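This report concerns only the one structure given below.
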């Protein structure tokens, strides 16, 4: 981030606005709405800005800027039509340690104004970090059209009931879960429909019947994070990820996905490379139980789909044995996601009538598969975690009847901006990549459908 979004209480603070024209007027309106006291300095000041200054309880000085104008102010806005004047005012303000905004010239200042969607007390700020104010305004317009006007009333209602809920529930986790459930309840629709008294009665009744024991009960979410691209995360996965108190994630989950977790969530890295586990599987299982028994909502975030070579079944075994509530959220498995991004349809009427997923290595590191059932010319075979065993995979397929000229693809870091697709022949690919640096995770696709990659390959990172 180039700029840190913050919410700053300006009520009762003096803001110096250098400039008296249309640009200064726009900033003056915004500052007045925030409760700031305006001091305007400019050789000429438009009537509307002068009126805003009076209503804010501030003052207007009709002359050029002087250093003494900086005395006693909390922030400075430079909005004159002269860049050198703006630069000089900004320089003097910064020498005093005052935060400065230079309109339409962020390089000279310390902060910028975002586009704002105002549903007070709910505020949404949108910024392009000065790169494209037009883009920020467009995003704001889209949000304005979709966000109900009465969200602010809902926030006010929740604020009024915060203390009664604290009196009822001492556990902060239980209170957070109560509010999450409230936001999925008919209370919201009542407020949005203008039926405030009905909403208030429903909320009061819900607080009265709130059960700390039930709300404090731990739960485990086994969530498939998909093959890498955060855009492939499901809505349910995102919702539970942002609800979790603790997130256990492994190497196959990209940082862009982990960053979607709640800012105050505890993040626990558990590794899970092919043969180098930061934590053994048994320890991971025990951690899930440990956190859940503390009453926490635990998200076990796994690359791909939890039930397709994700060892999700092993993790659920202990959870079930301990009587802990759990949910399983499917994810787009690597075979589907990586093949799609590589432009390789796993089935095709003219090439393959079936597809088979197999693991490229076992617990002991071997590649011991039922090879005779993997050589059908009308079937696509996808190998997970097969990079280390690639040479053996190719030789065994050929030895059991698959043609040496069968197309094969190796997809590295699929669906991400670092995706690489290497195609070749079954009898040549191991030699083709000898000495090349191939990054995990990888996926191997064998079958004539691979020949469609040059034609269908649409993703160009």
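Yeah, the Cβs are placed from backbone N, Cα and C, and that goes for glycine too.
Site annotation (Swiss-Prot, ligand S-adenosyl-L-methionine) includes 227, 303, 304, 305, 308, 333, 334, 385; from 256, 403, 404, 414, the additional listed residue is 414.
Each of the recorded positions 22, 250 was scored by how many other Cβ atoms lie within 10 Å of its Cβ, and the smallest score goes to 22. A straight line from the CA of residue 250 (active site, proton acceptor) to the CA of residue 23 (NAD(+) binding site) spans 50 Å.
In the three-state DSSP scheme, residue 43 (NAD(+) binding site) falls into the coil class. Residues near residue 44 (NAD(+) binding site) in space but far in sequence (CB under 8 A, at least 6 apart, same chain), listed by position: 20, 21, 62. Cβ neighbour density within 10 Å is lowest for 43 among the binding-site residues 23, 43. For the NAD(+) site listed in the record, the two most distant Cα atoms among 22, 23, 43, 44 lie 15 Å apart.
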